[in-house]
Amino acid sequence: MLERNKEYIVKIDSLGYEGEGVAKIDGYPIFIPGALIGETVKTEIIKNKKNYSYGKLIDIVEKCDERIIPECNYYEKCGGCTLMHSNYDSQLKFKYNRVKDCIERIGGLSGDIVKNTIGMEFPYRYRNKGIYSIALTDNELSMGFFSEKTHEVVDMDKCLIQDEETDKIIKIIRNWMKKYSILPARKDNLFFSEGLIRNVMVRNGFKTNEIMVVLITTDKEIPKKEELIKDIRLEVENLKGVIQNISTKNNSLVLGDKCITLWGQDYISDYIGKYKFNISPLSFFQINPIQTEVLYNKALEYADLSGDEIVFDAYCGAGTITLFLSQNARKVYGVEIVEQAIDNAIDNAEINGIDNSEFYVGKSEEVIPELIKNGIKPDIIVVDPPRKGCDIKLLNAIGEAKPKRVVYVSCDPSTLARDLKHLEGFGFKTIEVQPVDMFPNTKHVETVALLTKRYVSPQ
């Protein structure tokens, strides 16, 4: 074990799953956030675990070619982005290597099936939703995002991965709160019972440019709200609605159940591909619509539909993948445990004139076996589970259903690899794994994988 608070000069030879640099002293690993492969750095040991240590980056003795100066003024404080010090090509390579390592080490599969990460042409300003935290810090108003692994709000006047109109709106709300002494519901990292505004959410339609502003409050009454609405309307051309969401519970959940329309309409519209979606404050909708279309088109390619297939879409959310699949399928059945998401899915199907989809509320591991028991045999099964991966009962049901193909969309390569290994035990073969960079400048990576019952070379 290394000595705590002592400084060491080390060489970085790999990256951890969080994007941090990894060095070794006598075989003992040190994880150093902010360091990159090939660099020699000075680090101070700040925490020791049984088999590894954490180090703080003190100085870069010898930097690598991939290091760049982050364009964001708040990068070293804000916990939102963690890879902005690395050029974009190396970010894509990191995500490829992360997926490949999981596929080989956890899945026991060949890394050759992993393709290069599909990146963005412009890896900034890609988010269509921002939820800003607000606090009084030393009696000064702070609006922004939490510092990494803390509840300290980093005060910021712009965010390079949010839409530029969002920056403008946050400035207007900041000025309004200061002018009329409207207090936030957080003070010095703690819940503040005298405060009113918990968070501000802005949702943008990327293809429609429509904008919705949501004030998340602890109480129904908002003083001087007419002045705020007037100010936003003057500055924001495509504003469609200003909504109040009431969230009274002192917990980590941002949104409450009750919404009040203060001005305009209670939704905006946007498109993914040719499909239109109405998005309310509580709607489920993908954060990066540009890369979502890339991901879904790849899933559609893997499904290889001819028009006569029965498709199951497990963990279907608001039915966005379901709609993409429906254009080339005979019938698509979507299953999702969150009732409101299914309500959104039904609405989305109706908006787009989709009449070959059917949605069920419930656990996928319970509903899908019941559908099969009732004589509905799937040709294709698509899954898009949460970070924890698929429930083992669902994997077993997929194995027993023996569909021609399984398309697995994942937000965690570790659980993806685990589940692919389980499905291979039923005779499936993993043909291809495609990482997609949905969240540039962060550690997160989305992946879509194709499995077939017998080997078929992907087109």
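For all residues, glycine too, the Cβ spot is worked out from N, Cα and C.
Positions annotated as domain 'TRAM' by TrEMBL: 1-59. Taken as a whole, the domain 'TRAM' (1-59) shows an average pLDDT of 94 in this prediction.
Taking all protein chains in view, 27 other C-beta atoms sit within 10 angstroms of the C-beta of E336 (S-adenosyl-L-methionine binding site). The annotation S-adenosyl-L-methionine binding site is assigned in TrEMBL to Q286, Y315, E336, D384.
Listed in sequence order, P386, R387, H444, E446, T447 are the same-chain residues at least 6 apart in sequence whose CB falls under 8 Å from the CB of C411 (active site, nucleophile). Taken from TrEMBL, the feature active site, nucleophile covers C411.
The active site annotation in TrEMBL covers C411.
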*Note down the number of other Cβ atoms within 10 Å of the Cβ of Q286 (S-adenosyl-L-methionine binding site), including every protein chain shown.*
22
*Near the S-adenosyl-L-methionine site, what residues other than Q286, Y315, E336, D384 in the same chain have a C-beta no further than 8 Å from the centroid of the listed C-beta atoms?*
F284, D313, C316, G317, A318, T320, I321, A341, P385, V409
*Helix, strand, coil: count each for the residues of the domain 'TRAM' (1-59), based on DSSP.*
0 helix, 33 strand, 26 coil
